[in-house]
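Asks: Before I ask anything, let me first share the structure, which is written out below as structure tokens.
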Amino acid sequence: MTASELVAGDLAGGRAPGALPLDTTWHRPGWTIGELEAAKAGRTISVVLPALNEEATIESVIDSISPLVDGLVDELIVLDSGSTDDTEIRAIASGARVVSREQALPEVPVRPGKGEALWRSLAATSGDIVVFIDSDLINPHPLFVPWLVGPLLTGEGIQLVKSFYRRPLQVSDVTSGVCATGGGRVTELVARPLLAALRPELGCVLQPLSGEYAASRELLTSLPFAPGYGVEIGLLIDTFDRLGLDAIAQVNLGVRAHRNRPLDELGAMSRQVIATLLSRCGIPDSGVGLTQFLPGGPDDSDYTRHTWPVSLVDRPPMKVMRPR
């Protein structure tokens with residue numbers, strides 16, 4: 001069925017595509033740790049923290065998860081993407097196992113980007129369920145991981161659990177008592193509008209680019225991984241195309257604060273998200289990187305040209321590299 005046919009069917013049914021929330025949406029998760037541990041039923045859980053120069057936040061992220069290790073969580077690793085600061089030292093001091101990209105899959109030459117790190121983490125972990133948590137979070141809630149694995153442990157047919165949350169633009173807004181927003185600019189200005197145009201059924205996914213999510217190993221190892229910041233949108237669309245909306249859940253994590261990036265970096269991120277989304281929808285991408293002109297000089301009379309590369313090359317499903 002084409003996207004146009006799906007849209008027509010939704011309109012005939014009296015609702016706009018993506019207008020209704022997923023049936024598998026948890027707004028206020030109520031599972032206890034004990035209930036989730038019992039629901040594991042022999043399954044194992046790995047938590048992966050992809051990191052690149054996150055010395056300022058890596059310790060607090062690990063500290064929010066480490067009390068769960070040897071209980072709900074069976075494995076916690078930091079997948080380091082070539083940090084040049086003290087990320088590795090601080091992660092080890094906090095009790096995490098640190099694995100480099102090269103160590104995770106030594107027989108395969110390394111490529112840059114987040115998608116590469118997440119893909120390689122599948123070779124460095126063994127859990128039946130894999131949870132990804134970004135390492136730049138500021139004071140993350142200690143129940144992020146339990147909330148994300150809850151639908152996988154207690155639901156039927158769920159393979160991917162995305163997070164959603166309020167995203168303040170300024171870190172100071174988190175404790176101000178004001179219901180501030182403004183974060184997630186790439187999500188709101190690029191990803192969700194494009195999904196509305198090309199995959200309207202996914203309009204009910206509040207945070208398609210969220211870096212906090214969980215999935216079954218069976219699913220993750222069967223999918224290609226898009227490069228760089230295209231990895232999240234690629235996994236979401238691939239899961240939907242393969243298994244449908246019923247396989248995707250989302251959980252409210254409350255508030256998420258992290259280091260917000262400048263607009264030039266967000267432009268590069270957006271370019272990769274667009275390239276991946278177009279490719280997943282069968283639309284050819286030019287493969288041309290994003291050229292920006294950055295003002296400088298005392299009177300902004302000088303502009304520096306900078307081109308960010310974009311990649312159209314996925315990594316193959318890990319099952320191809322490491323059959324089990």
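Even glycines carry a Cβ here, placed using N, Cα and C.
As annotated by Swiss-Prot, UDP-alpha-D-glucose binding site applies to 50-54, Ser81, Lys114, 134-135, 229-232, 256-261. What Swiss-Prot lists as Mn(2+) binding site is Asp136, His258, and the listing cites experimental evidence. Here Swiss-Prot flags Gly184, Arg185, Val186, Thr187, Asn260 as (2R)-3-phosphoglycerate binding site, drawing on experimental evidence.
Map the listed features onto the structure and describe their local environment.
Replies: Around Tyr229 (UDP-alpha-D-glucose binding site), the same-chain residues six or more apart in sequence whose CB sits under 8 Å from its CB are Gly113, Lys114, Gly115, Val186, Leu209, Met269, Gln272, Val273, listed in sequence order.
For the recorded site, Asp136 (Mn(2+) binding site), the DSSP three-state label reads coil.
DSSP gives Thr187 ((2R)-3-phosphoglycerate binding site) a helix state.
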Asks: Have a look at the binding-site residues Asp136, Gly184, Arg185, Thr187, Asn260 and say which one has the shortest Cα distance to Glu232 (UDP-alpha-D-glucose binding site).
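Replies: Considering only the listed binding-site residues, the nearest one is Thr187.
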Asks: Count the other Cβ atoms sitting within 10 Å of the Cβ of Val186 ((2R)-3-phosphoglycerate binding site), across every protein chain shown.
Replies: 21
Asks: Helix, strand or coil by DSSP: which one applies to Lys114 (UDP-alpha-D-glucose binding site)?
Replies: helix
Asks: Out of Asp136, Glu232, which has the highest number of nearby Cβ atoms, where nearby means within 10 Å of its Cβ, if these are the binding-site residues?
Replies: Glu232
